[in-house]
């Protein structure tokens, strides 16, 4: 029997601080990246709302033919501070694997947000104040790649118009200017180094884009399109189009790397070609070896339906029938009385070790790649004696009615996930994300790269919420071969 409980707040939020180190032609660079929900006590409804807004964006009709798009108030889980222009000025942008451009709010913009609940200052980029700013015209190669419209003619600016699922819009022009990265010059020492990139300059935002609860200045996309930051760096010979992440939801810490990973070795599965997102083919699913029947459309190889890997989504979403079968098989192996919290989260009381009591869920992908999701991955503690399932009934379908699975940060944690756009594959391996990985630079030299708690003694209790400051190293490698 299912009963309803009053909404409860999650008692523990982990504040994650990322440090991004990039090695380009002449050295390494550093960014500080912060979790969107850092230091804030969030209701379950806020986590679900984050994903709901993101899903609307992912399934929306988009006027701009890019391999993805951006939404400043809900798109990603992490944001970073970058510098644009000359002299360089600071802007806070969200880091997202589901977006394909870097864009920031630009002056003048009467409807852009002027404040945010994230505790960061918001700024408008102004091309008039940068000595290195250049307009991007319709005749520019960058524009000809993304714009296939007769209205974009000679001597006209390369503009964009994005429409989101909730009716929000973003309009603006593309600009070419310097992004300033902090070059690592020694142990804990950096010096600025600028590199020219093309990014969107948003001047007219409407709808939810003006909301202030979690607004930032823009988006930095790590998607597959040639317009993404990683693709622009690769086109200039600075990096290979390979990146990976390893996020630890148990002990804290983790790694985000751009470049080749030598160890641990990961098995891979093909990325479905010509898709906006990181689509892969799910072939089977089981609970401790007990198979679950999959909807036929999930095995499609043409990109209709299937499974999307998206680290910017918080939870994991399944078609209704598949969700019901999964929860039924899990609770058959460990009987619990489910209660619905905030109408969508299946929760239960439990005082024993969940990893010993609950089964492992295995997802099997093309080319025999397995994703094992352990109880500590798919269950989260609402309070000391209450757990909730991170699996959600998504009801997500394509416009053609094909079922969609969306695997978010919850099931990708505690794994090294590698996105190899050079070979159009994605893969993963179970890994202790608080330890290290071995990465390879363009010369073939291998280096140990690990996550460490730079502020290990910074845990504190704020309004009953335990806030743990963590650090994550992120490395991007020079891809030249000798």
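Count begins at 1; order follows the chain as displayed.
Yeah, the Cβs are placed from backbone N, Cα and C, and that goes for glycine too.
Annotation comment: Swiss-Prot describes 96 (among others) as active site. DSSP classifies residue 96 (active site) as strand under the three-state reduction.
If you look up Swiss-Prot, you'll see 310 (among others) marked as active site, on the strength of sequence analysis.
For 347-388, the entry in Swiss-Prot reads disulfide bond, with the evidence type sequence analysis.
The domain 'Peptidase A1' annotation in Swiss-Prot covers 78-429 and rests on sequence analysis.
For 32 (among others), the entry in Swiss-Prot reads N-linked glycosylation site.
Per Swiss-Prot, the feature N-linked glycosylation site maps to 178 (among others). Less than 8 angstroms from the CB of residue 178 (N-linked glycosylation site) sit 84, 85, 86, 88, 130, 132, 194, 195, 196, 197, each of them six or more residues away in the same chain.
Look at residue 204 (N-linked glycosylation site): DSSP puts it in a strand. Neighbour density for residue 204 (N-linked glycosylation site): within 10 A of its CB lie 17 other CB atoms from the protein chains shown. What Swiss-Prot lists as N-linked glycosylation site is 204 (among others).
According to Swiss-Prot, the feature N-linked glycosylation site maps to 226 (among others), an assignment based on sequence analysis. In the three-state DSSP scheme, residue 226 (N-linked glycosylation site) is classed as coil.
Residue 432 (N-linked glycosylation site) carries neither a helix nor a strand DSSP state and counts as coil. What Swiss-Prot records for 432 (among others) is N-linked glycosylation site.
The N-linked glycosylation site feature in Swiss-Prot is assigned to 463 (among others).
If you look up Swiss-Prot, you'll see 456 marked as GPI-anchor amidated serine, on the strength of sequence analysis.
Residues or ranges marked as signal peptide by Swiss-Prot on the basis of sequence analysis: 1-27.
The shortest Cα-Cα distance from residue 96 (active site) to any of the recorded positions (204, 310, 347, 432) is found for 310. Residue 226 (N-linked glycosylation site) and residue 310 (active site) are 19 Å apart (CA-CA, integer value).
Mean pLDDT, taken over the domain 'Peptidase A1' (78-429), works out to 83 on the 0 to 100 scale. A gap of 40 Å separates the Cα atoms of residue 226 (N-linked glycosylation site) and residue 388 (disulfide bond). A sphere of 10 angstroms centred on the C-beta of residue 388 (disulfide bond) encloses 23 other C-beta atoms.
Here the CA atom of residue 432 (N-linked glycosylation site) lies 27 Å from the CA atom of residue 347 (disulfide bond). Note: the CA-CA distance between residue 204 (N-linked glycosylation site) and residue 388 (disulfide bond) rounds to 40 Å.
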